[in-house]
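The structure appears below as structure tokens.
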């Protein structure tokens, strides 16, 4: 076969590839509210009224203000009447303030709660719809990280748009409209002129929004990609650490962030130019209005008060249109985010899970038939898996499927479960096509135990209950007893309530598999599908479970995928699959009797040859007859047992606090979310972030210049308008014309400055913000990857949460620090300019107005305090739901097989209830706090105007000065209020800063790259020794794994570890890789304590082949190259050839460039394992750690790969965890681990000779017994099988 199975790409970085996606178009705006119910419409109605009244209040206030100006102007000779009028209008101001108090409460509380209610329903519907999709949808369309991203980030975007931003939009549009109404009723000519320029503002706003929407869409895609890299890295953290891939993960993450960063720069420029253009048009419009207003006053068509009312109203209305732009940008983002969510919700699966159509059979006899089935996986339609496939499983009988890895055995199981429909042909149950049967009913009749025991991060009891949710405790315990799980469960501190951790990692593979079997038994199905059901069990457990399965199978139609003879010895029929069709079918005896002409017989001969070799070695030193394999029996054809046991999984060592109970205990959330951030800490964190941002000081300086000038423009603008007001009352028309012309030119100058400096402000502050975000995210990932393994074992550091934390914390920090500082600088400049002008013109009035500012500040700070308490743990509560959703999608086949969709959705719904309740109270308090602050503001206006009239009455000041001071300071007070309404962002930013620095400051228990350690020589001898090791996993110190364990692997020799499931074999491998530190004792390499070496450097001399082949979602080439980043193409092909992988890779349409899918789902288990072996071989390390390295391979591959491994391990120190004797027959030393220490140690022959009644001998006896039974079945058919081969 041609050697180039697709030209491989250049050397690897961990870039996660994915199928190209079409650009997503946003949904219609009204579609955002598709989950609103009656109460939501009521809330939105009240919220809209509140927002409308709130928005109208300012133009109404301006109308009163204009009337007051006229009172000043027309009553200058009658001070008593003037005081009376002013007092009346001051009371009107208080009424407006009270209206704002009530309306802002209604606006904020109703929109906030309605938004949370609607998005809660949307999240639930999304998960429901995602779980309702057929399996092919997850193969081709959606990754787990997409679901996590949608539920986390996209849903938050939609919520932001349909709550706060929509309230703001109605508020600003009400201001805009009411401003024009006030204008038209005051001076319609002036208002009409203004109306002529509004379309121009709208066009600019439209272009601005469209541009931001496109950029936002692209940015979200690149951030989603970055999040996927983080999630894959953390999920496979053991592989990343073992192969020293931390820097590669960081580089890949950095590359993905760079794309988002550049898009962020463009967004800043677009935002600045859009806002600048809006202000340019608005200011030019007012220049025109001032000139035209003067014309109308001179011609006695209006007076100064009405003219100024129109201008003020139009000014506020026009600015409100600009202020609505961020809301429009949020709508654009939300429409795109909603499109992604609704695409899943609206997607009709090809195979409808919840359809009520289809029949339910009265009784099931269990005849299963596949007739002329052709099938290709939707993700690879050009690769045919089944070709004119025919198979009949008689009712109540057991059929075993054997065949090479990738021959289609698991595909048959998938078709019977109706995860897929065949391309052509039929799958029948009792003569009925599966397509005509009700799907939920069909799956209720089928019990599935797959080779990958998928457990959820809940209790053992809840995991078993997935089989039948209405079962009682007695039935649960009985199922566990029959599955040989009861004995180990009751020894656990929490028994059946023990938490199994994310993906069941708290349990050994064998323990997980027994729980999966108990789950299937509880279902009591008519048809049983066993896909390598006992592959992850040690000899003793396998024998007990197999006996339980044998009892369980009686009277049920059973289809077994297996590679061990013991597993299939009692099958009524054996079907041999080859190249997508059944090449042989018959009983074991019939197939074996074909001899040389039969595929099955050849396979058994191959196995027997392996036994012969093992036995001849054993017989040289021991006359004692023994079974020749360390597993219960010999494999016939290896199938994917790849997920049978996590090679690195902790052995019942720490139990996650994750909890599927319906109540959420706030105390279980990370403390940093609940604690209030002390001001000192916050200030300290702020300065640290500022230092982190120091390379951008030039950009920050230029951005600040933009902010200062943009802020000052507002004060100048107010001054120009108040100056014109006094000019309007001047009787000298020539003077009026000259002054108005001067101020109009000044306004045109201000409009040009607004265009330039808005662009400057937003462009440069966005560069500062984007660089900070990228830097914070990179540092956070580096800090995450420096932590020791025990940190990753904690529930709050689960992969989806870390990905979300990197995304949200960095964003919140950027929001608070980058975006908001720009606004603060702008408003500070505004206040300074305004206060200076006020004090210069009339210091007494300025002093009174400035004196009431603290009241406003106090009111807003009160709101800030309440916001802290109520926003604290919302993110954590959502994180729990997000984790559950991610697990459900990752294990979607298990969820589907057990009809558990409704249960998962119920648990998810329960997780969303607490944040919903808290959001209600948060809205009440935030709304009231904001209302109080606004009321105080208007009360201060009333006080200021009353005092101004008092000053005029007593001759201390005149009308012209007081009105200028009042207007300039009124504008600055609005700026102060706007600054303080940013409090929620600073609270989020403060919490995020705490979270960021908590992560960055954490001192790892095991430093991976300590410069003070001893350098590792270029070549090691490779001697490994564990001396007097005591060990417990850090999270459960009360469960001791090892007690005074001592082991030694001599340089260049092979040490095999055997023992019952859960005895700590894989813990030895974890200690050698220094994932954990022993409680006492030492792990030595070449006679030196491993702690003295640089950890990353020593790991470069160790290669691992885990039983669970963890692959990254990239190409085959890059997965192999992950073993050695400098490997050449020739070395990669050589490693693949040695691992028996080159042939199947070359046969794929894209060869080495084939995308393997998330966690390698596009490949069979055997194929994944061979790639994992190639990855280890390309490393050329002195120490090889093989954890069931060949367990997932078929007989032919196993033999060639075992030879390759023997050859590769030659001269290298090898530590092998194995169940099969063929894997360890040549081991120099076999160590039997039991009860936390080495119970027996020596070569195979030594153990049998010196410990005839020992544990190892008993295991051999057990295998001998089962194997003899199998051989007994074949002896009638073939004289070539020797008796002593058993």
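Any Cβ shown, glycine's included, is placed from N, Cα and C.
Counting only same-chain residues six or more apart in sequence, the Cβ atoms lying under 8 angstroms from the Cβ of residue 379 (ATP 1 binding site) belong to 136, 139, 140, 1157, 1162. The ATP 1 binding site annotation in Swiss-Prot covers 139, 377, 379, 380, 408, 409, 410, 411.
For residue 941 (brassinolide binding site), the number of other Cβ atoms no farther than 10 Å from its own Cβ, over all displayed protein chains, is 23. Secondary structure from DSSP puts residue 941 (brassinolide binding site) in a helix. Look at Swiss-Prot and you will find 286, 941, 978 tagged as brassinolide binding site.
The compositional bias 'Low complexity' annotation in Swiss-Prot covers 616-635.
Taken from Swiss-Prot, the feature domain 'ABC transporter 2' applies to 1024-1260, supported by sequence analysis.
Among the features that Swiss-Prot reports, region 'Interaction with FKBP42/TWD1' is placed at 1049-1286, with the record citing experimental evidence.
Among the features that Swiss-Prot reports, transmembrane segment is placed at 42-62 (among others).
Here Swiss-Prot flags 93-113 (among others) as transmembrane segment.
The transmembrane segment annotation in Swiss-Prot covers 166-186 (among others), and the record cites sequence analysis as its basis.
Residues or ranges marked as transmembrane segment by Swiss-Prot: 187-207 (among others).
The transmembrane segment feature in Swiss-Prot is assigned to 277-297 (among others); the stated evidence is sequence analysis. Within its own chain, the transmembrane segment (277-297) has Cβ neighbours under 8 Å at 187, 189-190, 193-194, 197, 200-201, 204-205, 208, 303-304, 307-308, 310-311, 314-315, 318-319, 321-322, 325, 713, 717, 720-721, 724, 727-728, 736-737, 740-741, 743-745, 747-748, 750-752, 754-755, 758, counting only residues six or more beyond its boundaries.
Per Swiss-Prot, transmembrane segment is recorded for 301-321 (among others), and the stated evidence type is sequence analysis.
Feature annotation from Swiss-Prot assigns transmembrane segment to 705-725 (among others); the stated evidence is sequence analysis. Counting same-chain residues at least six beyond the ends of the transmembrane segment (705-725), those with a Cβ under 8 angstroms from any Cβ of the stretch are 69, 272, 279, 283, 286, 290, 293-294, 304, 308, 311-312, 315, 739-740, 743, 746-747, 750, 753-754, 757-762, 764-765, 822-823, 825-830, 833-834, 837, 963-964, 966-968, 970-972, 975.
Per Swiss-Prot, the feature transmembrane segment maps to 745-765 (among others); the stated evidence is sequence analysis.
Look at Swiss-Prot and you will find 821-843 (among others) tagged as transmembrane segment. Within its own chain, the transmembrane segment (821-843) has Cβ neighbours under 8 Å at 703-704, 707-712, 714-716, 718-719, 761-762, 765, 849-850, 951, 957, 961-962, 964-965, 968-969, 971-972, 975-976, 978-979, 982, counting only residues six or more beyond its boundaries.
Look at Swiss-Prot and you will find 845-867 (among others) tagged as transmembrane segment, backed by sequence analysis.
According to Swiss-Prot, the feature transmembrane segment maps to 932-952 (among others), an assignment based on sequence analysis.
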Between residue 941 (brassinolide binding site) and residue 408 (ATP 1 binding site): CA-CA distance (Å): 80
In angstrom units, rounded to an integer, how far apart are the Cα atoms of residue 410 (ATP 1 binding site) and residue 941 (brassinolide binding site)? 77
Count the CB pairs under 8 A between the transmembrane segment (187-207) and each of 42-62, 93-113, 301-321, 745-765, 932-952, then give me the winner. 301-321
Taking just the CA atoms, what is the gap between residue 377 (ATP 1 binding site) and residue 941 (brassinolide binding site) in Å? 72
Longest inter-residue Cα distance for the ATP 1 binders 139, 377, 379, 380, 408, 409, 410, 411, rounded to the nearest angstrom, is 18
If we skip the immediate neighbours and take only residues 6+ beyond the ends of the transmembrane segment (93-113), which ones have a Cβ under 8 Å from one of its Cβ atoms? 43-44, 46-47, 49-54, 57, 60-61, 64, 163-164, 166-167, 171, 919-920, 922-924, 926-928, 930-932, 934-939, 941-942, 945
Cβ contacts within 10 Å for residue 409 (ATP 1 binding site), all chains included, total 27
Residue 286 (brassinolide binding site) CB neighbourhood, other CB atoms within 10 A: 26
Rounded mean pLDDT for the residues that make up the domain 'ABC transporter 2' (1024-1260): 85
Residues of the same chain, at least six outside the transmembrane segment (301-321), with any C-beta under 8 angstroms of its C-beta? 55, 58-59, 62-63, 65-67, 69-70, 73, 172-173, 175-183, 186-187, 189-191, 194, 198, 201-202, 205, 278, 282, 285-286, 289-290, 293, 717, 721, 724-725, 728-729
